[in-house]
């Protein structure tokens, strides 16, 4: 369909499209609901459009998802918050459909609407909706209800609050695992609205029920809630009720539960206090670092810096660092990779002598991602260890990555070259890495050549135009005579990137003659790229150079036999005229 201004789009057509057999037309119409509502006015939207949507809920999931999203921002179109309750029926129906993403979006929209509703309307309309869903015969309704309790609870009178807590407790013991999973994942939000007096009595008993569930998918979602609950409880209550569960979970028979504990454990340290952390959480964390499952060790290794920053530095060095050393030679490359990405964060706690062997071991790792993760943190490394101690090990790792047979590895190391340059300094860079940067401009893979051209520009910015003229520009310009036209195109791209960094004078004296010579190339692709490069440098160079050199070159290209060359040359000529007029 042609794109038409929404304000002029016929409303009758939009409403007809809601009933059309073509799903794309129905989807377009749903996405323009706000246009329909504005045209109908608030009263007709309430009396005609919303009831129509309530009935029109037997549609494709994609259409229902769009409807659920639109209704979440529909309060202004029905007359403001005093009429917000009119939006609840269609969303209530969407909360019961089978497709999870539709239900989730409907719950999200109900939360948005409920958060704006007046207190009396929440009691009259929203809380009954939550209760109906929670008592729904089909599990989908009960799953959706779990995400609404935290909105309903805050405005409920005391008698209804008791009923809502009881209902939530029943959902946590539902026969369907999907309902219990939803209750477990939303427990933290609900607990945040419950009064402190009921937190220990009701919410903690719910939490304990979920942690003893026979389904590991429920237990691991309960783990997600323990950090939120820990922040709500007093430290002594946290130690009494949550700590034993977490210590037990760190030895759970399901690796997925242990994985969740490894991800979340550091968040509990502050809640339970230093004494319980030392006596219970550190041993639990060490167990996770030595877990049989690689996935658990990956999660634990990725959190080692955060955990060590929370505990006492002496404790970290004595009890955690020895196992971090073990992980640096772990049988799983992914564990070593996770460790390499965070290891430098331990520098605040450990000494150079303790970290250097781990660091060097990871820098010599056979797996490229491990070495890349270390090199990506080189600025932290330099602060802690100093580049002199690393240069002997660092250079072979960089060279090996730069020549790796997998092009994605080569691409990744190129991204870090400017960081390396800034940390290693100009002398080390010139001696060791300069030739690599030129080598990449002739790589067989286009993505590498493109990244190399951008890398040359970033190096010129780092070390300055004078350095670039001495060490980069001569070598780059030599490559313009490469026999293969694809490599010549890369050099043209590099020249266009270097020109703004070098400035007007150097561009005119060194780059423009090379570009003009390239305009005589026999390959049309080179010639139209010359036109594009000349267009990009026109704002940089002097007007006299544009008149005497660039425009004659473009005029010649504008008469080229190739249609693409003529087109790009004409565009560049128009651009040059606009630039000259604006000066």
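Each Cβ is built from the backbone N, Cα and C atoms, and glycine gets one as well.
TrEMBL lists 10-48 (among others) with the feature repeat 'HEAT'. The predicted model assigns the repeat 'HEAT' (10-48) a mean pLDDT of 75.
Here TrEMBL flags 164-202 (among others) as repeat 'HEAT'.
Taken from TrEMBL, the feature repeat 'HEAT' covers 203-241 (among others).
Same-chain residues lying 6+ beyond the ends of the repeat 'HEAT' (242-280) with a Cβ under 8 Å from its Cβ atoms: 207-208, 211, 216-217, 219-220, 223-224, 226-227, 229-231, 233, 235, 287-288, 291-293, 295-296, 299-300, 303, 306-307, 310-312, 315. Summarising the annotation, TrEMBL assigns repeat 'HEAT' to 242-280 (among others).
For the repeat 'HEAT' (281-319), the number of residues in each DSSP class (helix H, G, I; strand E, B; coil) is 32 helix, 0 strand, 7 coil. Marked as repeat 'HEAT' by TrEMBL: 281-319 (among others).
Under DSSP, the residues of the repeat 'HEAT' (320-355) split into helix, strand and coil as follows: 28 helix, 0 strand, 8 coil. Summarising the annotation, TrEMBL assigns repeat 'HEAT' to 320-355 (among others).
The domain 'Phosphatase 2A Regulatory Subunit A helical' annotation in TrEMBL covers 354-497.
As annotated by TrEMBL, repeat 'HEAT' applies to 355-393 (among others).
Secondary structure of the repeat 'HEAT' (394-432), assigned with DSSP and counted as helix (H, G, I), strand (E, B) and coil, comes to 34 helix, 0 strand, 5 coil. As annotated by TrEMBL, repeat 'HEAT' applies to 394-432 (among others).
Marked as repeat 'HEAT' by TrEMBL: 472-510 (among others).
The repeat 'HEAT' annotation in TrEMBL covers 511-549 (among others). Packing against the repeat 'HEAT' (511-549) from elsewhere in the chain are residues 473, 477, 480, 485, 488-489, 492-493, 495-496, 498-500, 502-504, 556-557, 560, 562, 564-565, 567-569, 571-572, 575-576, 579-580, 583: each is 6 or more residues past its ends and has a CB under 8 Å from a CB in it.
The repeat 'HEAT' annotation in TrEMBL covers 550-583 (among others). Counted with DSSP, the repeat 'HEAT' (550-583) comes out as 28 helix, 0 strand, 6 coil.
Taking DSSP states H, G and I as helix and E and B as strand, the repeat 'HEAT' (511-549) has 29 helix, 0 strand, 10 coil. Tertiary neighbourhood of the repeat 'HEAT' (10-48): same-chain residues 1, 56, 59-60, 62-63, 66-67, 70-71, 73-74, 77-79, 83, 86, selected by CB-CB distance under 8 Å and a gap of 6+ residues from either end. Across the range of the repeat 'HEAT' (472-510), the DSSP-based residue counts are 34 helix, 0 strand, 5 coil.
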